[in-house]
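For reference, the structure discussed in these notes is given below.
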Amino acid sequence: MNGFILVDKETGISSNSIVQQVKKKLKVKKVGHLGTLDPLAKGLVILAINRATKFSSYFLESDKSYDVQIKLGIATDTDDSTGTIIHESQNYPESESVKKELLSFIGESMQVPPFFSALKHKGKPLYKYAREGNFISKPSRRIFISKIENFNYKNKICSFRVDCSKGTYIRSIARDIGNKLKCGAHMTSLTRISQGNFRLENARKSSDVTKENIICIEEAFKNLDKILINTNDEKKFINGVSLPNLHHKDSLLRVFSKSNIFLGIGEIKGNHLKHKQLV
């Protein structure tokens with residue numbers, strides 16, 4: 001039993017709790033999530049089952065999209081609604097000003113992670129330091145926001161959908177837009193809509209998942225072209241030998257045996273194919 005399961009996480013539970021629930025329910029040895037969501041957040045969490053965990057990096061690196069709500073006029077120490085209020089303002093910007101500043105985040109930028117995050121300092125998560133009153137700053141990180149749409153602003157609440165690169169903190173966007181508008185802001189709602197090729201609409205609640213919901217590894221990579229190799233090349237491929245004279249552009253491919261058994265992900269560079277990750 002190897003593959004991926006799409007879970008629709010509810011607000012108030014941790015991503016690790018989802019992992020433990022599914023592991024117990026399906027009675028599998030190895031389960032891992034491919035990108036955490038804070039307890040406040042809800043939406044898509046991808047779980048890798050058994051051998052599929054070896055392919056986790058492909059999804060951890062993928063872009064994500066979120067539906068977001070931000071409340072203007074109040075800043076908190078966690079940059080979301082779970083934190084302590086540290087600033088309040090009676091000056092509320094107009095809708096056009098909010099939209100202009102929000103859209104300015106599109107493109108590449110450097111972002112400072114929140115004090116309350118799972119990033120580690122000397123092996124310890126930042127949020128544990130912050131809970132002890134020790135707020136540790138991490139260096140800014142390069143992020144990329146490709147799209148912001150569905151903007152709405154009403155009753156001091158700004159809502160929108162954002163498509164962003166890995167490592168983007170939506171809470172930091174809330175904090176930064178509050179600083180730009182000089183009124184403070186914090187995130188009140190976050191829903192992950194998609195990650196890579198997977199979408200929330202195809203996910204199930206953790207209590208409802210069954211073995212039938214497991215997406216096989218090769219299906220999860222159906223966006224990649226497929227190639228079949230003969231028996232002699234199969235052994236070489238598995239042993240890490242480069243296979244020459246393959247007429248494909250540099251790319252990742254799904255590699256199958258002559259009998260159509262999925263072997264893993266291969267990478268073509270300079271007209272040679274070599275395994276990137278075996279099943």
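From the backbone N, Cα and C atoms, a Cβ is placed for every residue, glycine too.
According to TrEMBL, the protein carries these features:
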- Asp38: active site, nucleophile (ACT_SITE)
- 23-170: domain 'Pseudouridine synthase II N-terminal' (DOMAIN)
- 171-228: domain 'tRNA pseudouridylate synthase B C-terminal' (DOMAIN)
- 235-279: domain 'tRNA pseudouridine synthase II TruB subfamily 1 C-terminal' (DOMAIN)
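All protein chains shown were included, and the count of other CB atoms within 10 Å of the CB of the residue listed as 'active site, nucleophile' stands at 22. Taken as a whole, the domain 'Pseudouridine synthase II N-terminal' (23-170) shows an average pLDDT of 94 in this prediction.
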